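Okay, structure first, notes after.
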Amino acid sequence: MTHFSNFAGDNLAQIMFEELITFVQRWPQIKLVYRSQLQLADIYFKTFPGDIIPLWNLPCNSLLNSRHADIYSGDIACQRTPRILLVGPQKTGSTALLSFLVNLPEFSTSYKDPDSFEEIQFFSNSSGCLFGIDWYQSRFPLPTNTILIEKSATYFDHKMCPQRIHTLLPNSHIVIILRDPVERVYSWFQHQRVHRNILAQNYSFIDILQNNFMNKLTR
Ligand SMILES: Nc1ncnc2c1ncn2[C@@H]1O[C@H](COP(=O)(O)OS(=O)(=O)O)[C@@H](OP(=O)(O)O)[C@H]1O
């Protein structure tokens, strides 16, 4: 409760604490102990390990209360987020589609990420999520009249992506490209060879298929 931002001065935290103190006063056998913030965090995340990776949201996403947007930091524009997500899957021509689109004046995309080649992969990378929303937004140019696109082909099959994307970018458009699965899987095999995957280097494509190694080529 205490780490929730008290959006729009709604007194919720204050009421909560008053009720809590009243409750404790009525039960004197309850032993009160002091724990520092770090100790509390430790207890909390041991109890709720699923909360370690934050689920990012933007106050401006709230349609219920426009005051949330009004009190949000002016340093970060809510519009500095993509409206279109090219989520892959990998080896379907997503790089080509992105380059076609950003050649048009209506679109722009994220800055190149030196750590992950050309993709941000924010939603499919738990440590990426820990960088935070400020980091994610800083990967995009400041809002202009262009429509922002992010392409991360790893979003397609990551189990947390739908929830993470829906929470942060509920109004975004998701683009999925389909390709003949056999051609795609061969392209993926070649991709893994280039990236020096040991199986892909030591076995032929046919061997990989016959020995059911394909799932070992995926990350
Ligand atoms: N216009 C168009 N139409 C159809 N296919 C195309 C097109 N442009 C690129 N490609 C082929 O797409 C493959 C690369 O896909 P991705 O860019 O999505 O790869 S990645 O996941 O981002 O690494 C890669 O496939 P392979 O050549 O079979 O490996 C590209 O040749």
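Even glycines carry a Cβ here, placed using N, Cα and C.
TrEMBL labels come from automatic prediction, so no person has curated them.
Some features that TrEMBL has for this protein:
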ACT_SITE  Lys91  active site, for sulfotransferase activity
BINDING   Arg179, Ser187  3'-phosphoadenylyl sulfate binding site
DOMAIN    82-209  domain 'Sulfotransferase'
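In this structure, Arg179 (3'-phosphoadenylyl sulfate binding site) belongs to neither helix nor strand by DSSP; it is coil. Residues of the domain 'Sulfotransferase' (82-209) grouped by DSSP class, helix first, strand second and coil last, total 56 helix, 14 strand, 58 coil. Cβ neighbours within 10 Å of Ser187 (3'-phosphoadenylyl sulfate binding site), excluding its own Cβ and spanning all shown chains: 16.
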